[in-house]
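Student: Starting off with a structure, shown below.
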Amino acid sequence: MSLVYLLIAILVIMAMILLMSKRRALAKYAGYIALIAPVISSIYFMIQIPSVAKLQYLSTSIPWIKTLDINLDLRLDGLSLMFSLIISLIGIAVFFYATQYLSSRKDNLPRFYFYLTLFMFSMIGIVLSDNTILMYIFWELTSVSSFLLISYWYNNGDNQFGAIQSFMITVFGGLALLVGFIMLYIMTGTNNITDILGQADHIKNHGLFMPMIFMFLLGAFTKSAQFPFHIWLPRAMAAPTPVSAYLHSATMVKAGIFLLLRFTPLLGLSNMYIYIVTFVGLITMLFGSITALKQWDLKGILAYSTISQLGMIMVMVGIGGGYAQHQQDAIASIYTFVLFGALFHLMNHAIFKCALFMGVGILDHEAGSRDIRILSEMRQLFPKMNLVMTIAALSMAGVPFLNGFLSKEMFLDALTQTGQLSQFSLISMIAIVFVGVIASVFTFTYALYMVKEVFWTKYDSKVFTKKNIHEPWLFSLPSLILMVLVPVIFFVPNIFGKGIIVPALRAVSAGNHQIDQLAPHVSQWHGFNIPLLLTIIIILLGSVLAIKVDWKKVFTGKIRQISVSKSYEMVYRHFEKFATKRFKRVMQDRLNQYIIMTLGIFMVIIGYGYIRIGLPKVHQLHVSEFGPLEVILAIVTVTIGISLIFIRQRLTMVILNGVIGFVVTLLFIAMKAPDLALTQLVVETITTILFIVSFSRLPNVPRSNANKKREIIKISVSLLMALIVVSLIFITQQTDGLSSISDFYLKADKLTGGKNIVNAILGDFRALDTLFEGLVLIITGLGIYTLLNYQDRRGQDERE
């Protein structure tokens, strides 16, 4: 099955979900219909594992906009396969979990599952894209679908603010990324990613290389919640827990990392890129791990935990980027090891973090709270979630016999080897190791502290009242399956390493097959070495801090109020006030003012073009023959048009406006264009009647008195616009030896079977344009109808 067919299949499922929204009896099954999408994609991508391992990559290219080199280019290599498997397999768990989490009585299920499937479609589109513009389209689609999912419970103010904040930050990064893609096109002349990476040595010497890197980093850092753009992720936790488990731990937040990995053969040629990514990753890792201890909401803890873990992966992506410069050197094995660790931890993090979010969701759903100050001794009420969250949290902390331990060891090993790399000195290595270890200590602390507070703190009936709480098996099943994978991967890591991670490494290295020999063999025991010593230190210090310190009392008062998010809110409020003032100044409910502004901008653009290029010489001028009748009709049209400016009665204005149209009809007849005359007559008659009929539904608001200054502006704009239109007509008549498109229509109109060139153009040559013009009118009408029938939707949260 082609990659295009897979995407089409997902779109068909989305259409089925939309159809179910019209039938309440079927709406409750929307989740199970939506579940088909990740199941199909998972089966499809798992079937491709052997082929991709043998370098048999799938690719599809469908021309779209050839002149701009924008095509539907899709490519399935090792890197896109690994991410597609994560998106699809985690998707199965999340979609099934959502069927148990959401209520068919209280929630609009088809709407939710449509948004969730749209997001999955967008993420798969990102990782399969082999065209930069196509990737950007899918990139922004993830922002849109994320906005819709976060604001799913739209009556909640936190959901609305979180959705807007995440949308603004990620779209800002997306626009920066688009600028980077445009720079790449300027440097290479192509939008095809495979071709771009093949020109890496040429691009690195271009003047736009460094600006392009900064644009890429803005896109990646905003999407993957890196400091200081991390602030949207905690706010996004207002979304339903299935959304948090899928978007904000396993998939969407990994899109920025995917971007950097995909372009590592190009970006890694710059040492500045390596330094920035490594530094930002370390800061993010440290900041996230410390801030997680300040949270009382379990989802808040997991949000900052995700930020910290993403920073950890980003550090390895940054250090490993040097592989692009040293593919043939002896130290290439170190870079390969670091990149392998980044991919390995990316996979591990998706598993244990998704399990943690699901566990928190079950606690919230059944116990009614996520506050660690309220929840206590939950191991008795939720034995399965005690097991799931304990194992997943310990894996995140890097405890032995769990998958997180292996990738955490690789991370520490990578940090200790940076001193051997040309980009880092001994002092910088010590600083990197120090920050990495401190961040890891706090990671261990909040992971253990979270489990201790929720499941092992002594029960206090004054704080939390035990209710009829149950722990359904179907609800717990997805998290239990993910929990089982945590120790399984520890004992058989190389099954995943050789089948999934090594092919992904090939893609990161731009197809260098030597990387197969350089890829590490993951062992559970490496003997006593520096990374193991650092792990022991982390476990000891983290255990002491988690058990002996009451972090609920540490971060209080002013310390707790320090937040980067507050800076964002302050800037947001100022921009909002500024926009409100500008809006009130511009939007004064005067349609003619809006038209003047629109035409004014158009005239400025045309005028600027005339100034830059200059007016062409008019050496030929074609003017149709005209007689006294045409002159009289033209004078009548102009006279009525000018009189409309000074007339105050609405009905008179409408009638005179119709008269202008009928005079133009006579002008067409005089010019021997009967078809145009008939069309003009019909349109003018219908619009005039509609105008008059609409008066019965419009308020009787008298028109303001004539203002001499305002009327002069209107006349001036009209005359200037007429002058520009006439000048453009003259310019188009100067062929300069080039063939005109009119000649094509004149010669080819007989092929359409039409007897009139105008009909042939409207009905055949630009039939799609005519069709879409009609669709635009229909959509506009539906929009107006919706606004007229809009009722303020207020009420309680849909969960209640």
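Placed from the backbone N, Cα and C atoms, the Cβ positions cover glycine too.
The following feature annotations were taken from Swiss-Prot:
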| type | residues | note |
| --- | --- | --- |
| TRANSMEM | 1-21 | transmembrane segment |
| TRANSMEM | 33-53 | transmembrane segment |
| TRANSMEM | 118-138 | transmembrane segment |
| TRANSMEM | 213-233 | transmembrane segment |
| TRANSMEM | 273-293 | transmembrane segment |
| TRANSMEM | 331-351 | transmembrane segment |
| TRANSMEM | 387-407 | transmembrane segment |
| TRANSMEM | 527-547 | transmembrane segment |
| TRANSMEM | 627-647 | transmembrane segment |
| TRANSMEM | 651-671 | transmembrane segment |
| TRANSMEM | 712-732 | transmembrane segment |
| TRANSMEM | 768-788 | transmembrane segment |
Student: In the same chain, which residue numbers or ranges, 6 or more beyond the ends of the transmembrane segment (33-53), come under 8 angstroms Cβ to Cβ?
Tutor: 1, 6, 9-10, 13-14, 16-17, 20, 76-78, 81, 84-85, 87-89, 91-92, 95-96, 99, 113-114, 116-117, 120-121, 124, 498-500, 502-503
Student: Between 213-233, 527-547, 768-788, who has the most Cβ pairs under 8 Å to the transmembrane segment (273-293)?
Tutor: 213-233
Student: Six or more residues out from either end of the transmembrane segment (627-647), which same-chain residues have a Cβ under 8 Å from its Cβ atoms?
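Tutor: Hits for the transmembrane segment (627-647): 653, 656-657, 659-660, 663-664, 666-667, 670-671, 706, 711, 714-715, 718.
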Student: Apart from its near flanks, which chain residues at least 6 from the ends of the transmembrane segment (118-138) lie with a Cβ under 8 angstroms of it?
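Tutor: Long-range Cβ neighbours of the transmembrane segment (118-138): 3, 6-7, 10-11, 14, 37-38, 41, 59, 61, 68-76, 79-80, 83-84, 87-88, 91, 144-146, 148-149, 174, 177-178, 181, 184-185, 191-194, 196, 246-247, 251-252, 255, 258.
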Student: Report, as numbers and ranges, every residue of the chain located at least six residues beyond the transmembrane segment (527-547) whose Cβ falls under 8 Å of a Cβ in that stretch; write 'none' if there are none.
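Tutor: Answer is 397-399, 405, 408-409, 412-413, 416, 433, 437, 440-449, 452.
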Student: State the residues, same chain only, that lie 6 or more residues beyond the ends of the transmembrane segment (651-671) and have a CB under 8 A from a CB inside it; answer 'none' if no residue qualifies.
Tutor: 624, 627, 629-630, 633-634, 636-637, 640-641, 643-644, 677, 680-681, 683-685, 687-688, 691-692, 695
